[in-house]
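Annotation source TrEMBL lists domain 'DhaK' at 11-341. If you look up TrEMBL, you'll see 62, 63, 64, 65, 113, 118 marked as substrate binding site. Summarising the annotation, TrEMBL assigns active site, tele-hemiaminal-histidine intermediate to 226. Look at TrEMBL and you will find 381-583 tagged as domain 'DhaL'.
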């Protein structure tokens with residue numbers, strides 16, 4: 001039975017910003033950028049980007065994994081950490097703000113866990129920073145060893161082994177190495193570490209009810225850190241057996257995920273997932289060391305036990321093993337003032353908050369302020385009707401989308417889409433130039449960028465940006481131009497997201513809709529009829545995702561049996577708003593005579 005979890009919080013929407021405020025009050029060598037709620041960046045108080053004479057090391061991701069990543073900001077480790085909302089990748093503007101705040105002449109390295117939203121947002125931020133003159137490199141960490149070699153574009157997930165990569169990179173940067181050398185050491189570290197997790201309970205998002213997915217007496221093997229289902233569910237076993245299974249999986253000679261063989265020296269990390277007592281973590285550490293020595297023939301050079309990268313209040317642990325060599329040990333042993341690689345802190349307390357830095361050269365443009373026109377053209381009226389219908393449909397579907405997503409993802413698809421739809425409704429009242437369809441599409445993308453975040457947010461923004469580029473310059477837009485814009489948006493989403501038809505994503509609704517729309521328009525079908533027919537194709541495409549094996553996104557880590565129970569939530573969201581828009585246009589242009 002589901003129930004409301006007990007949390008010591010205020011408004012669930014404020015948990016990340018309030019966490020950061022408490023963090024900088026507790027640790028006086030940390031600051032945050034004054035950009036709440038959109039910019040959530042923790043940084044070293046002793047670093048000023050323009051004069052910093054070492055490589056800056058920046059990481060981050062969705063919140064809910066505390067102390068990662070803000071807890072590892074400090075001399076000898078991270079220079080800054082970018083915090084997204086809970087289990088949601090930080091958006092591009094926040095990552096850019098971090099880069100501008102701490103990056104000096106030697107450049108910066110971004111360390112990114114391998115999740116689609118993180119790759120996209122950090123990747124786009126890196127490209128924008130390069131265009132501003134910054135020297136930026138990126139290392140992606142995928143240390144998950146729980147699943148068979150992945151299909152599609154998703155790759156292995158980034159887990160607690162990322163913290164060891166942080167330490168190696170931070171120490172290399174503190175030693176004064178160049179950006180190329182720091183990047184090389186971080187990449188090497190990412191390639192010699194493997195991790196697997198085991199959960200005894202699911203986590204509960206702030207403001208949500210606790211899921212009953214994992215019943216009494218059961219444990220989940222190979223889970224991710226966002227509450228998504230693991231590779232398998234099994235009966236709870238004693239610590240000896242659990243630890244043995246995890247070690248064998250990480251060191252498997254079949255998958256060969258980590259280049260560790262008998263006779264090697266290794267570093268061991270036992271990581272609590274949020275609510276696992278220190279006693280149980282120490283039991284696991286005590287069992288892992290002799291098993292690694294006696295059964296796998298490995299020398300244990302270092303053992304780290306504690307909660308390094310959590311999943312809110314999840315009970316369970318992950319085990320990471322990194323191959324050790326002289327340089328790796330030197331970097332891990334190097335001093336750091338990062339508060340959760342626990343060390344003492346000293347020095348005077350600087351201000352807790354500093355302003356967000358501006359770009360090095362602000363480009364002045366004469367952009368007229370968008371204003372909702374007093375009189376709408378016929379095209380503007382139709383566009384308004386379609387947008388309102390689509391947004392209202394998403395708002396009404398929030399709980400259903402969350403329900404589907406709780407079975408195959410992290411359970412927040414509906415809430416994320418709801419934020420975007422609500423922002424679109426609010427912004428349409430005051431700033432959408434509805435008589436200019438191209439600019440309106442662009443503004444929808446900006447509304448989404450401001451509030452949605454995560455993979456879906458940036459993919460919808462990419463969709464809108466590409467559609468805008470296709471539409472701009474046309475004062476009156478024909479139905480075929482709309483169809484071309486939709487195709488352009490789909491092509492951009494596929495290019496940057498890496499997915500295509502049959503990957504069990506939002507594209508499985510968009511692609512058939514665009515194909516049918518173009519086909520019917522080319523055949524001379526009335527545009528309204530073509531729009532409605534293409535909407536049915538979107539719905540059919542979304543429903544067909546039940547029969548697909550996911551190859552992108554968090555669903556790619558979920559078993560085929562679980563996926564077959566529900567359609568892809570992202571595809572269903574597309575089908576919902578697309579169909580609502582089509583019917584609204586039909587109703588506007590062909591009102592009922594009854």
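Cβ coordinates come from backbone N, Cα and C, glycine included.
Annotated features taken from TrEMBL, shown on the structure.
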| residue | record | Cβ contacts under 8 Å, 6 or more apart |
| --- | --- | --- |
| 62 | substrate binding site | 84, 85, 86, 87, 88, 89, 90, 117, 118, 226, 454 |
| 63 | substrate binding site | 15, 16, 19, 40, 83, 84, 85, 86, 87, 88 |
| 64 | substrate binding site | 86, 87, 203, 205, 226, 310, 311, 312 |
| 65 | substrate binding site | 225, 309, 310, 311 |
| 113 | substrate binding site | 61, 140, 141, 142, 157, 158, 159, 162 |
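Other Cβ atoms within 10 Å of the Cβ of residue 118 (substrate binding site), summed over all protein chains shown, number 26. Pairwise Cα distances among 62, 63, 64, 65, 113, 118, which the record gives as the binders of substrate, peak at 15 Å. The residues near the substrate site, meaning same-chain residues not in 62, 63, 64, 65, 113, 118 whose C-beta sits within 8 angstroms of the mean position of the site's C-beta atoms, are 60, 61, 68, 69, 84, 87, 88, 89, 115, 225, 226, in sequence order. Across all of the domain 'DhaK' (11-341), the predicted model scores a mean pLDDT of 94.
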